[in-house]
Amino acid sequence: MSATGLGPVRCAFVLLLALCSRPASSQDCSAPCQCPAGPAPRCPAGVSLVLDGCGCCRVCAKQLSELCTERDPCDPHKGLFCDFGSPANRKIGVCTAKDGAPCVFGGTVYQSGESFQSSCKYQCTCLDGSVGCVPLCSVDVRLPSPDCPFPRRVKLPGKCCEEWVCDEPKEHTVVGPALAAYRPEDTFGPDPTMIRANCLVQTTEWSACSKTCGMGISTRVTNDNAFCRLEKQSRLCMVRPCEADLEENIKKGKKCIRTPKISKPIKFELSGCTSMKTYRAKFCGVCTDGRCCTPHRTTTLPVEFKCPDGEVMKKSMMFIKTCACHYNCPGDNDIFESLYYRKMYGDMA
């Protein structure tokens, strides 16, 4: 092989030697904690913000097949660990996935722990046979307002995500009178308690839980904030545990059990993290005649989760007060599932 051909090989070999011969203080935890000043780093979509392996600073977790050290840990929420190879060389490793089932998505096989972009709009991760995706584009909602009566999303050349634009007002349209009627009036206006500082507070009902069992997500849209801007809020929800066999609790002669009693308090789990408190939560039951039972009255409370790395995160979570059993049941994998569920009333938050 010519000297020219050996050039890239020699450079790669020198780089490998440099990585392996770096001082251990940059990888192990013998050095004192020195975190960068300022706010915590902002991680790319789908990448967890975790404490480093020394418990000092918040860092963006390393992903599958990336180099890792004791100070630069792998993403624990994706089942990754740092494989250092031989115990004699515990300085630099490679992020490796724990044993888990692969995923098939779009005709491509992905290993457990592997991240990929299904399109320019979504970042996805395979975790033990299941694929989860987070949007890369904004999912905000914008209603007509006096300063922007005709908002609409448009696809701009060279950009993947659609963006909001405000068209110029047009005469003799339906939107103009609608805006006038939308503003509060002394006699026929909305509840005065919902008006503050030129802002008509609007909040939608919470959507149905994204999962019929296990931990899911429920969302709503509100402008109840300092800037009176519409924003999407989310909360965790669990209609019922997946492992519970509720049909055996149905009394003889009955076809449904609406709110089964849980024998003992439980702790919730989220991405490997566990709630710090135990909860005697209510769940919705099941029917044997084709009806489904869903939350009817709920409330929203904060729940603190503690992760294996010591990080504590606080999440809003739905707690069920009452359930209703009905025939408006969605089909399996129905993307319009929330349209079939009855609305949830009396939510306190």
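Positions of Cβ are set from backbone N, Cα and C atoms, glycine also.
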**Request:** Look at the disulfide annotations in Swiss-Prot and name the partner of Cys307 from this list: Cys256, Cys273, Cys284.
**Result:** Cys273
**Prompt:** In Swiss-Prot, Cys35 is listed as disulfide-bonded to which of the following: Cys20, Cys54, Cys57?
**Reply:** Cys57
**Prompt:** When you check Swiss-Prot, which of Cys43, Cys95, Cys103 turns out to share a disulphide bond with Cys74?
**Reply:** Cys95
**Message:** If you compare CA-to-CA distances from Cys307 (disulfide bond) to each of the disulfide-bonded residues Cys43, Cys74, Cys82, Cys256, Cys284, which comes out shortest?
**Reply:** Cys74
**Prompt:** What does DSSP say about Cys292 (disulfide bond): helix, strand or coil?
**Reply:** strand
**Residue among the disulfide-bonded residues Cys33, Cys57, Cys60, Cys273, Cys284 whose Cβ has the most other Cβ atoms within 10 Å** = Cys284
**Request:** Using DSSP with the three-state reduction, classify Cys325 (disulfide bond) as helix, strand or coil.
**Result:** strand
**Message:** Checking the contact step here: among the disulfide-bonded residues Cys35, Cys56, Cys57, Cys293, which have a Cα within 10 Å of the Cα of Cys323 (disulfide bond)?
**Reply:** Cys293
**Asked** Do you know which of the disulfide-bonded residues Cys256, Cys292 has the most other C-beta atoms within 10 angstroms of its C-beta?
**Response** Cys292
